[in-house]
Amino acid sequence: MTSREEHQTLREMLGSLALGHLTAAEADRVQAHLDGCAECRAELAEVASVVPLLDRVDPVTFASPASPPADLGARIRAAVAAEPPRTDDLAHRRTSRHARPGRTRSRLVVAAAAVLVVGVGIGGVVGRATAPPEPAAAPGPYEPITLEEVGDVDLVVDEAGLVPHTWGVELAMDGAGFTEGAVYRAKFRDEQGRLQPAGRFLGTGAAEMSCSLQSGVLREDVQEVVVVDEQGRTVLRSAL
Ligand SMILES: [Zn+2]
């Protein structure tokens, strides 16, 4: 079990620990984890602070359970919407490396959340399905690439780059001007000249988006990166 899995599992036992409901062996195991995990220690402190209050709860008041407030669902959705979405480390790294004046972080993050990134096609699906878990701290070197507009399009690519993995390659791209709601597809041309699918994303109009597209094609086999629009027309191209 990785320490992360251990953390998730033991975290759910903190409530039982605070209530004294664990066996000695379970309590020892949780205690051992607590020694090395500040996050769980903080959570336990919070849980423990509530325990004395539980003693004062009158069980009779639970005889007729209160129904949740009518607006509970809306409040939860609002709270979730207000919470910054998790972005992958790559997005973090790129954003922190390239602080862009005039573009706020929150705008970028919101746009990232709006982008639909789905691995499609054999390349993408195989790449995902067979990918061994890689330590998050060990992505391959980031290789910036230049994506040039093809034809009569008005796209802005602020940054694009490839990240090689053992299972294939990842295309990371920040940009704007992709027709809002339109589906774009990224493809990699392999050494046989075939275009391999590398996933798709939704345009966000003028709002900046940040996407990560993945393919089972290995970096050394990628000869060209292209992005095509809904009609299959190539809108971006990068010879490598
Ligand atoms: Zn923990």
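Backbone N, Cα and C define each Cβ position, glycine as well.
Any TrEMBL annotation is an automated prediction that lacks curation.
Bear in mind that the values here come from a model prediction, so they are computed numbers and not experimental data.
The compositional bias 'Basic residues' annotation in TrEMBL covers 93-103.
Counting residues 6+ beyond its ends, the domain 'Putative zinc-finger' (11-41) has Cβ neighbours under 8 Å at 3, 47-48, 50-51, 54 in the same chain. The domain 'Putative zinc-finger' feature in TrEMBL is assigned to 11-41.
Marked as region 'Disordered' by TrEMBL: 83-103.
According to TrEMBL, the transmembrane segment annotation covers 108-127.
In terms of DSSP helix, strand and coil, the domain 'Putative zinc-finger' (11-41) has 23 helix, 0 strand, 8 coil.
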